[in-house]
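Noted in Swiss-Prot for the protein shown:
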| type | residues | note |
| --- | --- | --- |
| ACT_SITE | Glu109 | active site, proton acceptor |
| ACT_SITE | Cys359 | active site, S-methylcysteine intermediate |
| BINDING | Cys129, Cys133, Cys136 | [4Fe-4S] cluster binding site |
| BINDING | Gly183, Glu184, Ser215, Ser237, Leu238, His239, Asn316 | S-adenosyl-L-methionine binding site |
| DISULFID | Cys122-Cys359 | disulfide bond |
| DOMAIN | 115-354 | domain 'Radical SAM core' |
Amino acid sequence: MSEQIVTPESSTPVVPNKETKINLLDLNRQQMREFFKNLGEKPFRADQVMKWMYHYCCDNFDEMTDINKVLRGKLKEVAEIRAPEVVEEQRSSDGTIKWAIAVGDQRVETVYIPEDDRATLCVSSQVGCALECKFCSTAQQGFNRNLRVSEIIGQVWRAAKIVGAAKVTGQRPITNVVMMGMGEPLLNLTNVVPAMEIMLDDFGFGLSKRRVTLSTSGVVPALDKLGDMIDVALAISLHAPNDTIRDEIVPINKKYNIETFLGAVRRYLEKSNANQGRVTIEYVMLDHVNDGTEHAHQLAELLKETPCKINLIPWNPFPGAPYGRSSNSRIDRFSKVLMSYGFTTIVRKTRGDDIDAACGQLAGDVIDRTKRTLRKRMQGEVIDIKAI
């Protein structure tokens with residue numbers, strides 16, 4: 001397992017340069033104001049441009065009608081607004097949309113999950129992942145690189161552009177963002193934190209801190225740093241009731257065990273208002289691996305000092321994986337044990353699994369029909385060969 005924590009020291013230049021245009025999607029509001037100051041402009045001009053960028057999803061300076069023509073001309077010489085492009089779109093029968101998004105010569109995946117009262121966007125932070133969780137499709141491709149700020153916030157921008165910008169449609173197209181796509185967000189703090197700042201900024205996407213969630217598998221030093229930098233909702237990928245099982249399925253546990261991880265979680269909760277005093281526990285259900293009633297009792301004892309709600313996640317198969325999905329009856333028994341201890345327990349509804357957009361299935365490449373057929377067979381579903 002390769003692990004390198006990138007700490008938040010912005011390296012993005014904010015000095016205008018005609019030879020190398022600055023992508024304004026790489027800049028948070030503080031950096032935008034510095035950039036405009038270096039252009040000889042007042043700080044409020046940065047705020048105006050940000051509103052056009054994020055409230056209207058505008059990437060054309062000429063369309064920014066409250067910006068004078070001279071400034072628009074200067075901006076075109078030294079800056080651009082360039083979000084990553086969608087190279088393929090897949091739509092699920094349940095309304096979920098998965099976009100394969102080009103980042104340089106590679107791809108990441110972003111998932112849009114609409115519901116009656118909300119619309120959640122699942123965003124990637126890295127190309128691949130270094131943590132090698134055994135049940136996750138992303139981990140099987142290894143780690144390639146961190147995404148830039150523009151490639152992270154650009155996923156939100158691109159999705160909002162497609163489904164309808166807030167000022168264009170009159171309603172918020174994305175109500176929640178979860179950093180639960182490809183990669184471990186805490187291994188890319190340099191870019192993840194400024195991107196989340198833009199999500200929260202009133203001149204950015206203006207989301208409540210309770211509606212931006214970062215999920216981590218347990219990079220403890222970075223989690224301790226996060227609490228001093230930004231306040232967002234926290235979810236943790238626990239997936240096991242003891243170190244023996246977690247060492248096997250979440251290898252970073254060998255470096256930062258459950259006790260150490262939960263200690264860092266409690267420290268974060270002490271600093272955070274976004275979490276309302278409790279963390280979300282993510283627990284993927286693997287058949288006869290971590291889903292027995294004895295495991296549920298162990299989990300309840302383990303979490304008794306950590307205020308939390310628990311999401312039980314039916315595992316989503318992918319070709320070559322050594323696991324099976326827990327039966328509904330085993331998940332139900334597990335859930336009832338946890339509830340008997342007083343834990344708020346939710347069985348997550350699987351969304352987008354017919355397009356490989358469900359939890360643990362994002363792989364970066366556009367999934368081909370052969371892989372999808374193999375996955376369906378693993379689930380015991382009958383495949384109509386004519387539909388493949």
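Note: Cβ is positioned from N, Cα and C throughout, glycine not excepted.
Cα of Gly183 (S-adenosyl-L-methionine binding site) to Cα of Cys136 ([4Fe-4S] cluster binding site): a span of 11 Å. Using a 10 Å Cα-Cα cut-off around Cys129 ([4Fe-4S] cluster binding site), the binding-site residues Glu184, Ser237, Leu238, His239 reduce to Glu184. Checking each of the recorded positions Glu109, Cys122, Cys133, Cys136 against Leu238 (S-adenosyl-L-methionine binding site) by C-alpha distance, the shortest gap belongs to Cys133. The Cβ neighbour count for Ser215 (S-adenosyl-L-methionine binding site), using a 10 Å radius and every protein chain shown, is 21. A 10 Å radius around the C-alpha of Cys122 (disulfide bond) takes in none of the binding-site residues listed as Cys133, Glu184, Ser237, His239, Asn316. All protein chains considered, the CB of Cys136 ([4Fe-4S] cluster binding site) has 26 other CB atoms within 10 Å. DSSP gives Gly183 (S-adenosyl-L-methionine binding site) a coil state; it is part of no helix or strand. Ranking the binding-site residues Cys129, Cys133, Leu238 by how many Cβ atoms sit within 10 Å of each one's Cβ puts Leu238 at the top. Per Cα geometry, Asn316 is the residue among the binding-site residues Ser237, His239, Asn316 nearest to the residue listed as 'active site, proton acceptor'. His239 (S-adenosyl-L-methionine binding site) sits 10 Å from Cys133 ([4Fe-4S] cluster binding site), taking the Cα positions as reference. A straight line from the CA of Cys136 ([4Fe-4S] cluster binding site) to the CA of Ser215 (S-adenosyl-L-methionine binding site) spans 14 Å.
Using a 10 Å Cβ-Cβ cutoff, Asn316 (S-adenosyl-L-methionine binding site) registers 23 neighbours.
Taking Cβ-Cβ distances under 8 Å and a sequence gap of 6 or more within the same chain, the neighbours of Ser237 (S-adenosyl-L-methionine binding site) are Cys133, Ser215, Thr216, Ser217, Gly218, Val250, Glu282, Val284.
Averaged across the domain 'Radical SAM core' (115-354), pLDDT for the predicted model comes to 94. The binding residues for S-adenosyl-L-methionine are recorded as Gly183, Glu184, Ser215, Ser237, Leu238, His239, Asn316; their greatest pairwise CA distance is 19 Å.
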